[in-house]
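Straight from TrEMBL, the features:
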TRANSMEM  12-29  transmembrane segment
TRANSMEM  34-51  transmembrane segment
TRANSMEM  57-79  transmembrane segment
TRANSMEM  91-114  transmembrane segment
TRANSMEM  140-160  transmembrane segment
TRANSMEM  189-212  transmembrane segment
TRANSMEM  224-251  transmembrane segment
TRANSMEM  258-278  transmembrane segment
């Protein structure tokens, strides 16, 4: 029982980090109707930027989240204006090809610079933790990562509902033509959306570097996790991405505890298939894209 409780705590902590990764992926789909296959590469770029800031300036990875997020926002904004915007109205297959090609370029660039070796960001609290009931141990680093990730995710969701910029983003995703009639610049909103998603991925990457190892080979894994979490919750639904990340974290942790390691990912996909068979729109309810009006 104590092992299952330990796995549950670990799954919840991991789920908070997965939620931060998935929210940006889901946001890009909900607003732009683009599945970004390079999303995992932005997570890794964030991890490597945090690694360099620690190596050059001694910054803690959680402190470096701020400059990393700013840098990734600028990069995401420019990538959308220069590349993604060219095919944003094209069939989804074209956007898949473009983002897949972008992913290949970014991953191979990281391989050229850092090789395929796994790296981590050393911290003063690595290995620290405290014990709860029944001997369940909570690592400080993972707790910090989960708390910060959930705080960022909830702050983004609130900002989308309360701020003028957030409402403009949501309005553009629902009906681009009507948003234009209201004076909203769709191209700028799309670039903001992609920049925000890249910033979230970069912040998540800094947290990943603080609690584990990473290499360029992990890009596909992060993209896959973000896709599964977003679909579980409901593509385009930010609350759904948050919930999907938590569910995926628990499934991965429980699967790792009860099954051989080679079957863990298979269990996660089995849960995805079951959820889609029962609720095609995801756990969170009506999919965001069901209200979209294309013009």
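Placed from the backbone N, Cα and C atoms, the Cβ positions cover glycine too.
Keep in mind the model is a prediction, meaning the values are calculated, not measured.
Among the stretches 140-160, 189-212, 224-251, the one making the largest number of Cβ pairs under 8 Å with the transmembrane segment (12-29) is 224-251. The transmembrane segment (140-160) and the transmembrane segment (224-251) are in contact, since at least 3 Cβ pairs between them lie under 8 Å (pairs 6 or more apart in sequence). When each of 34-51, 57-79, 189-212, 258-278 is scored by its Cβ pairs under 8 Å to the transmembrane segment (91-114), the top-ranked stretch turns out to be 34-51. Outside the transmembrane segment (57-79) by six or more residues, the chain places 42, 45-46, 49-50, 102, 121, 123, 144-145, 148, 191-192, 194-203, 205-207, 209-210 with a CB less than 8 A from a CB of the stretch.
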